[in-house]
């Protein structure tokens, strides 16, 4: 499965408390370079509409571009890896586990341009990314029994998620949930099963109202205990053409602490009312936003006058996790 997703983001990060200092030559391994690259990674994670947060893996290319004398322009080509934290999870990406390679990891290559105004400390950030899962052949060669990634809208994945959700709703007296997003589906053998990851949201309906086509149910979009991230396994055959009825399953759901005003609260609005599957690796998202960035002490290179702007030496940088 070698399809691609294009994630196109355009925005402005404003940091009134950002400070900078003139520093020595920077390459793809210096702390100053990584500080600037982290601005791009932070921006991607704050505005990604689907799926999972991304962690920096390799700074592949770093260029200093021409400027008008008032700004410093950085261009990066970054290799990122998918973590196990959903974008609605408030856990800082630094504390998120990178998805292991044998669990069909996904990488993202991003072109990031940061235009830093040295008088106002404003950063304009331009990002374009493409995402690719690891090779099925390589995974099966190294781990024949490991689960293989499927499209989130695969019929077996969708049916299995709905089956688990119905089982949850049967047990939760007074609380009814619906699927907010199917973010991951995998198939494995020995024993044959479907591994699922999805987000659910509580709705303001009874069980009877939820099954009434004429009754409009509305999800709670903020507050305590209304949104949860679930990891489930449904043991069923890929050859089965019927929807699951009494299959054995395992499931664990964790409440997400998503509050009104949280950086991702607007993403809930994006999903609500649109039974959603993560777009996987073949869609485009755009946004124009402003958000504050925390205090960062960043180095600014002294030489930014080269109009041909070749990549700096010392690139690509170190691999922080692994290469797909």
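One-based numbering along the chain as shown.
Note that Cβ sites are derived from N, Cα and C of the backbone, with glycine treated the same way.
Sequence annotations record features per position, and here Swiss-Prot assigns signal peptide to 1-19 based on sequence analysis.
The disulfide bond annotation in Swiss-Prot covers 28-315 (among others). Shown in sequence order, 27, 28, 59, 60, 61, 62 are the residues of the chain, 6+ apart in sequence, with a C-beta less than 8 angstroms from the C-beta of residue 315 (disulfide bond).
Residues annotated as disulfide bond in Swiss-Prot, with sequence analysis given as evidence: 85-96 (among others). Within the same chain, residues at least six positions away from residue 85 (disulfide bond) with a Cβ under 8 Å of its Cβ are 52, 53, 91, 93, 96, 97.
Residue 95 (N-linked glycosylation site) counts 9 other C-beta atoms within 10 Å of its own C-beta, drawing on all protein chains shown. In the three-state DSSP scheme, residue 95 (N-linked glycosylation site) is classed as helix. Here Swiss-Prot flags 95 (among others) as N-linked glycosylation site.
In the three-state DSSP reading, residue 129 (disulfide bond) counts as strand. Annotated disulfide bond per Swiss-Prot: 110-129 (among others), in sequence order.
Annotation source Swiss-Prot lists domain 'Cystatin fetuin-A-type 2' at 141-254, citing sequence analysis. For the domain 'Cystatin fetuin-A-type 2' (141-254), the model's average pLDDT works out to 88.
Classification of residue 146 (disulfide bond) by DSSP places it in coil, neither helical nor stranded. Neighbours of residue 146 (disulfide bond), defined as other CB atoms within 10 A of its CB across all chains, total 16. Residues annotated as disulfide bond in Swiss-Prot, with sequence analysis given as evidence: 143-146 (among others).
Swiss-Prot lists 204 (among others) with the feature N-linked glycosylation site. When secondary structure is read from DSSP and collapsed to three states, residue 204 (N-linked glycosylation site) falls in the coil class. Same-chain residues at least 6 positions away in sequence with a Cβ under 8 Å from that of residue 204 (N-linked glycosylation site) are, in sequence order, 217, 218, 219, 220.
DSSP assigns residue 217 (disulfide bond) to coil in the three-state reduction, outside any helix or strand. According to Swiss-Prot, the feature disulfide bond maps to 205-217 (among others).
All protein chains considered, the CB of residue 230 (disulfide bond) has 21 other CB atoms within 10 Å. The DSSP secondary structure for residue 230 (disulfide bond) is strand. What Swiss-Prot records for 230-253 (among others) is disulfide bond, and it gives sequence analysis as the kind of evidence.
Per Swiss-Prot, N-linked glycosylation site is recorded for 282 (among others).
Of all Cβ atoms in the protein chains displayed, 17 besides its own lie within 10 Å of the Cβ of residue 253 (disulfide bond).
According to its DSSP assignment, residue 28 (disulfide bond) is coil. In this structure, of the disulfide-bonded residues 96, 217, the smallest number of CB atoms within 10 A of the CB marks 217.
With DSSP states grouped into helix (H, G, I), strand (E, B) and coil, the domain 'Cystatin fetuin-A-type 2' (141-254) comes out at 23 helix, 42 strand, 49 coil.
Rounded to a whole number, the distance between the Cα atoms of residue 129 (disulfide bond) and residue 253 (disulfide bond) is 30 Å.
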